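Colleague: Structure incoming, see below.
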Amino acid sequence: MSVILGIDPGSRVTGYGVIRQQGRHLIYLGSGCIRTSDLELPLRLKQIYAGVSEIITQFQPDAFAIEQVFMAKNADSALKLGQARGSAIVAAVNAELPVYEYAARLIKQAVVGTGAADKSQVQHMVQQMLKLPGKPQADAADALGVAICHANTNKTLIALAGQATSARRGRYR
């Protein structure tokens, strides 16, 4: 049983989603958005750090998963996104959480089945997978998608490790 915090970083809106992985089941614990004010970037980064730190304190996750930076058309936007990611990652590292990063296409593939999915498809599938009563906010749904991607990746790695151990045992008997 592990608790996973997923983050969809942004300099103005950072989505978060928290799930518990119990065997093959994923249980929704919470989600939302950290909305920064129209202050200068350094103060927004401070708000992201404080918000993520508060979420970590509230939910006590075992793992921290975050979406990787994609190449934006606007270099300034990509740099600000990278700084927002950095603020969130520092909060996780300060809490001594392991940090995992996933590409947006991999997250969409894990949640929807195609890396080219749009936001509404991710929202719909997150709602279905976690049995939510309504559609989550877009940024929160993306963050829950990051957490789901990590849970699925983690399950696959554990299964592969178990198969490798079984194969080794069989071979050396």
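Any Cβ shown, glycine's included, is placed from N, Cα and C.
As listed in Swiss-Prot for this protein:
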- Asp8: active site (ACT_SITE)
- Glu67: active site (ACT_SITE)
- Asp139: active site (ACT_SITE)
- Asp8, Asp139: Mg(2+) 1 binding site (BINDING)
- Glu67: Mg(2+) 2 binding site (BINDING)
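For each listed feature, how buried is it and what is near it?
Modeller: Residues near Asp8 (active site) in space but far in sequence (CB under 8 A, at least 6 apart, same chain), listed by position: Thr14, Gly15, Tyr16, Gly17, Glu67, Asp139, Ala140, Asp142, Ala143, Gly145, Val146.
Under the three-state DSSP scheme, Glu67 (active site) falls in the strand class.
There are 24 other CB atoms within 10 A of the CB of Asp139 (active site), with all protein chains counted.
For Glu67 (active site), the Cβ neighbour count at a 10 Å cut-off comes to 24, with all displayed protein chains included.
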